[in-house]
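For B:12-40, B:75-96, B:108-128, B:156-181, B:202-223, B:229-250, B:262-284, the entry in TrEMBL reads transmembrane segment. Annotated domain 'ABC transmembrane type-1' per TrEMBL: B:71-283, in sequence order.
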Amino acid sequence: MLNRRDLLRASVAAAAGLGLASCSSGGSGGKTASNELTFLNWDPIEQGSPLATVLDDFQKSGDTTLKVQPAPASDYDTKLLTIMSSGSVPDVIRINDDFVLGYSQQNTLLDLNPYIEKDGLKPESFFDHPFNFPVQQDGKHTAWAAGTQPNMVFYNVDAFKEAGVPLPPTTWTDEGWKWEDFLAAAQKLTIPDERFGVLTFDDTSSETVFTVNNGTDGIYSKDGKRFTLADPGSVEGIQWIADLSLKHKVQPPWSTIQGGEGNPNFALNLFTTGKLAMMTRNFGSAAYIRQNAKFTWDIAPVPGRLTHKTISTLTVWAIPAKAKNPDRGWELLKYFTSAEGAATLAKGDLIPANRSAAEVFEKPSGESPAHQGLVVAATENGVNENFSRNIQQARAIYRPQLDLIYTGQKSAADALGEVKERVEAALASGS
Amino acid sequence: MAAQVASRRTVVGWLFIGPVIAGVVAFQFVPVVVSVYASLTDWSGLSAPRFAGIANYLELFTKDPLFYLTLRNTAVFTLGSVVLSVGFGLVLALLGNEKLPGIGIFKAAFFAPVVTNSVAVGFVWFWLYQPENGLINGFLAQANIEGPTWLTSNSWAMIAVIIVAVWQGVGYPMLILLAGLQSIPDSLHEAARIDGASAWSRFWRVTLPLLTPSLFFLTIMQFITSFQIFGIIFVMTHGGPANATNVYIYQVYQSAFSFGRLGYAAAMGWILFVIVGLVTFLQWRLEKRWVFYGE
């Protein structure tokens, strides 16, 4: 018969046993098998998707076992920060290109230079922009861009033909495709209460595209210290895209776009249902449009003005400095940009970072978009937002001002001018 | 022998409450102490905290305009939501106190949103507020009224958020006040009726004074929870447009997890603690002036 003392002894022993068991379990913070590679991704990896395929192929090509740690995209940055703070980090992380600089400056990402040198990878084999983006001022190469998705103009070819509007250029040129030409096309394509000619300001990339092409550094100076969005050229660019709605009525009102924000693919739906004739969007949108548009569509360069560049959104991975298995982590990163890996990822409309693999985009497929090869030229002319460690603070100050500009409550000059000092103070803080 | 038994009982007692004490220390006491220290540091979460003294507090009070803006927005939200939810809660409690058929369903319907997740509530109302094809503007259009762009208008967004918070939370004051109403003896109403008091007079002179303890409890609780509004804002507006709905806790979240300033966010948390403490203290001090316990 179990008496009270025996029961207590048993309870203490059981508790101790549980404690020991939990210490030796293979949880995320525990010891991992030597051939296991953990990585954090911001979306579930769906069976059959290009990323799932490339991961399967990678595992088949060696003895590495992948352990994916998915996190919801909407809350990914919070989870990443928490995990990186905890010290128990995955071997490979997907990282928003916005944050590479900040994480690098805090020495939390591994320098990949020794691996790049050991494997003899040559910078000239890659597009300049994706290869050089992760290189920090001190020369450390702290992340790896698997590919890029440049911002393009997606347009409804049928609408252009019906309206008798000349089609945009099919090569990377702004000849006949300056802002004025873009606006003129949008005006002819707009049918009141039926179709808007263009949508550009819902995509934050416009803050860079329409300022860089007006001769400025974009949102921030190249050293990330000045708020160049408040410079005259940038102010003119932002006011110009606001006026597409406010003055020319060729773009949906800001309230409509904001109201639809919670609806997944709201803006893309406007395009695929024929309510928009043109939209600026990164090439990653091609898959959705390909599936849903019932008309002929194509892509064109963004319009130029003083220069002719486009923003290029990078797909970036990194190895945390405290990763337990960095060598295998590098093998995976390298595989992403190998001929096989890059070809697979390209099926998801990711322009591979290495030039040879990107050739697949130059071959006509017979389907929309007919001029898919333009994305390669766009990558050659791609720029990035000039980042700062305190990018999120700066955005939190200036982005609410855009609401005022896009709804016509303030001019771009007034709205951006009044927060210039605060943004620059935020950029300078902690640096 | 008796001493031995007592000693053994003491040990057993400690063994039983030990895990609870350990839990309180680990998950409440330690985080509180850590957050005090964190508020005095420059800490991104990625590198080691660097002691900064009261720099975070100074920055909040002297350099951060969003600190005052979010405090003001929180105050507007708190006043609006507390007054409306307690007011409507009282009306619903009075209706719910009537012995009518189906009254249970009525009470359940108003209480259901209280136990519904704020994120789900936010999503549903987000759709209802859609300017062009939302249900609310659809109804207004039937009456030839052009509805506002609820969540994207600087002047309407906070009102829209308050409406959702009141809709979601009104069941709680209803329940508390209903309990308060049911604790008032019928004999008091009966006596007033015999003395010729009208229905309004009975409510004003009998019901309301005897409900003041419940109202006091409610206002304290509602103030505290309203100061901490987050879920609805996070889902519906992200603090926009143009910071019109940017409230204090949302800014704490932004500071910690978007800006990587955990020390700064901790300082914000302590300031909120002090504010809530002061408001609650003030409410207790004013209690004697309006709360009637029936002595």
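Cβ coordinates come from backbone N, Cα and C, glycine included.
Within the chain, the transmembrane segment (B:156-181) has long-range Cβ neighbours (under 8 A, six or more residues past its boundaries) at 73, 76-77, 80-81, 84-86, 88-90, 92-94, 96-97, 107, 110-114, 116, 118, 121-122, 125, 129, 148-150, 207, 210-211, 213-215, 217-218, 222, 225-226, 229, 232-233, 236-237, 240-241, 244-245. Where the transmembrane segment (B:262-284) meets the stretches B:75-96, B:108-128, B:229-250, the count of C-beta pairs under 8 angstroms peaks at B:229-250.
With Cβ pairs under 8 Å as the measure, the transmembrane segment (B:75-96) is packed most heavily against B:229-250, out of B:12-40, B:108-128, B:229-250. Beyond the ends of the transmembrane segment (B:108-128), by six or more residues, the same chain brings 92, 96, 134-136, 151, 160, 164, 167-172, 174-175, 230-232, 234-236 to within a C-beta distance below 8 angstroms of the stretch.
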